[in-house]
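Visitor: Okay, handing you the structure first.
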Amino acid sequence: MKYGRGLRPPSRSSGRGWRWWIFRVALPPTLMLVFLLQPLFYFLVHRGSQQGAASAQGDSARSAELLSWDARIQDLDERRGNRQVDAWSQGKSVQQLDSQVQPKVDKAEISSKFDHPSFAKPEVAVGWPPSNLLSIQMLEFNRQGRWIPAGQGPVNISRLAPDAIPIVLYVHNRPSYLRVVLDALSHVHGIEETVLIVSHDGYYPEVADIVGEITFTRVKQIFAPYSPHNFVDSFPNISPGDCPERPAAGEVQVGCVGDADQYGNYRAPRIVSLKHHWFWLMNHVWDEMVELRDFEGHIMFMEEDHVLAPKAYRTLQVLAKVKGERCPHCVAVNLGMPLHDGGNPGGNYFVADWMANMGYAFNRSTWQRMRDGARTFCTYSDYNWDETLKWSVMAHWAPVRLGLHAAGPPIMHMGKCGLHGQADGAGCAEIDDQVAAFLAQEADRPPPDESWGIREEGQDLNRIGFSGWGGWGDRRDHKLCMFFAKLPEGLRS
């Protein structure tokens with residue numbers, strides 16, 4: 001049988017070996033194929049080298065363009081100072097603010113002090129909202145401030161456990177109290193599972209240093225930029241020509257600046273700062289902080305004279321769960337609450353009552369309802385934020401809204417050195433004894449159980465319509481408060 005071309009090579013016995021088959025049959029068409037494809041290979045290689053060179057040139061040009069824009073932006077920032085910071089808050093463009101006198105911002109100085117703030121001294125305020133170098137530094141710090149301890153990077157709230165409850169501690173200038181409160185916090189079970197945000201009403205280096213030493217959980221410090229303690233001789237502190245806080249009986253004030261409250265008294269910065277700080281931090285934490293802007297769960301708030309027992313955080317988590325499952329009229333949970341009718345402080349039950357101001361927590365939906373009442377909150381003549389919230393905002397929610405707490409609260413109010421008591425210092429030496437007694441008492445109480453029943457206490461509804469305790473009659477305070485909520489009345493210069 002003869003083998004046609006293209007079939008299997010003939011065997012050695014045919015007289016034509018494998019060499020003949022390679023050189024006469026396989027090689028010629030292979031060489032022809034290479035010859036025909038050579039132009040295509042050349043085209044592809046040449047085109048690839050051109051594209052690589054063009055890409056490199058493009059990357060180089062793009063890098064140069066970005067560097068150029070960075071330089072231009074930095075130059076604009078340096079020349080325009082804080083106009084970019086304030087433009088959005090006033091509802092104006094940067095160009096509209098160019099004619100206003102604003103303090104110069106040294107951003108290099110600010111950025112070098114993120115981890116350990118060291119701000120400028122209080123100065124006279126300029127423009128609206130009232131601003132000086134210190135307040136601008138605080139705005140920048142709040143925007144870019146880093147988490148403590150340093151070196152661990154930013155905090156991703158979404159990676160916390162689903163039942164995690166961030167804690168906000170708002171402080172002023174009572175370092176001895178703060179040390180006690182932080183020591184107690186360091187022993188709270190589960191504290192390492194959440195984050196702590198410390199909001200300062202004014203800048204006091206000793207207080208900031210104490211917070212900077214925290215290692216038991218991740219911490220972020222924020223500073224209220226419009227605190228009266230940040231300014232001198234100008235609103236929101238005392239301004240030249242302000243009416244005296246308490247005029248003599250029957251004395252008519254003529255030619256001074258200010259609005260009297262319903263009792264005839266004028267504003268006192270040390271008093272109104274409490275309400276300003278509270279409302280600023282609420283707006284900042286819920287709506288401005290990048291880390292919490294999308295957080296829908298509960299956030300707990302406490303003051304610098306509130307001491308937590310070790311089981312406080314676990315109690316808070318139980319309360320939040322029971323509230324969601326079994327208390328549809330509850331808008332908040334509380335670690336502390338005044339006892340009613342001589343109730344048993346160690347009873348195994350939950351109590352639904354008015355939201356209290358000790359270790360309280362609520363979620364974003366409750367905050368949105370509070371924010372909707374901002375205009376009422378800001379104009380109600382009472383310097384107490386909690387009384388204002390209760391009688392001017394929440395009292396009109398229907399049905400009546402409650403806070404849920406456990407009988408036998410795992411929180412203690414030291415309070416003797418507070419606003420209405422002594423100054424921080426030697427007069428408060430009994431703090432340690434009070435705390436020790438409280439912690440010993442709490443150690444004997446069992447933690448709350450989800451199966452406990454809920455007791456709804458009778459609420460004091462007789463004061464709905466109450467005109468407030470005063471201290472908040474000045475229209476300048478109303479305007480600054482509304483500025484925090486970005487209401488039109490607060491944005492106008």
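Just so it is clear, glycine is given a Cβ too, placed from its N, Cα and C backbone atoms.
TrEMBL does not curate its annotations; it predicts them automatically.
According to TrEMBL, the substrate binding site annotation covers Asp201. Under the heading Mn(2+) binding site, TrEMBL lists Asp305, His413. The feature disulfide bond is assigned by TrEMBL to Cys243-Cys256, Cys327-Cys330, Cys378-Cys481. Positions annotated as transmembrane segment by TrEMBL: 21-45.
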Visitor: Please report the three-state DSSP label of Cys243 (disulfide bond).
Guide: coil
Visitor: How many Å lie between the Cα of Cys243 (disulfide bond) and the Cα of the residue listed as 'substrate binding site'?
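Guide: Given the Cα positions, Cys243 (disulfide bond) is 24 Å from the residue listed as 'substrate binding site'.
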Visitor: Could you tell me the C-alpha distance between Cys378 (disulfide bond) and the residue listed as 'substrate binding site' in angstrom, no decimals?
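Guide: Checking the Cα atoms of Cys378 (disulfide bond) and the residue listed as 'substrate binding site' gives a distance of 18 Å.
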Visitor: Would you mind pulling the DSSP three-state label for Cys378 (disulfide bond)?
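Guide: Helix, per DSSP.
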Visitor: Run through the Cβ atoms and count how many others sit within 10 Å of the one on the residue listed as 'substrate binding site'.
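Guide: Counting Cβ neighbours of the residue listed as 'substrate binding site' within 10 Å gives 24.
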Visitor: Here the disulfide-bonded residues are Cys243, Cys256, Cys330; which one has the lowest number of other Cβ atoms no more than 10 Å from its Cβ?
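Guide: Across Cys243, Cys256, Cys330, these disulfide-bonded residues, the one with fewest Cβ atoms within 10 Å is Cys256.
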Visitor: Count, for each of the disulfide-bonded residues Cys327, Cys378, Cys481, the other C-beta atoms lying within 10 angstroms of its own C-beta, and report the residue with the smallest count.
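Guide: Lowest Cβ count within 10 Å among the disulfide-bonded residues (Cys327, Cys378, Cys481) is Cys327.
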Visitor: Nearest to Cys330 (disulfide bond) in three-dimensional space, by Cα, is which of the recorded positions Asp201, Cys256, His413, Cys481?
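Guide: Among Asp201, Cys256, His413, Cys481, His413.
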Visitor: Excluding near sequence neighbours, so keeping only residues 6 or more apart in the same chain, what lies with its CB under 8 A of His413 (Mn(2+) binding site)?
Guide: Asp305, His306, Gly336, Met358
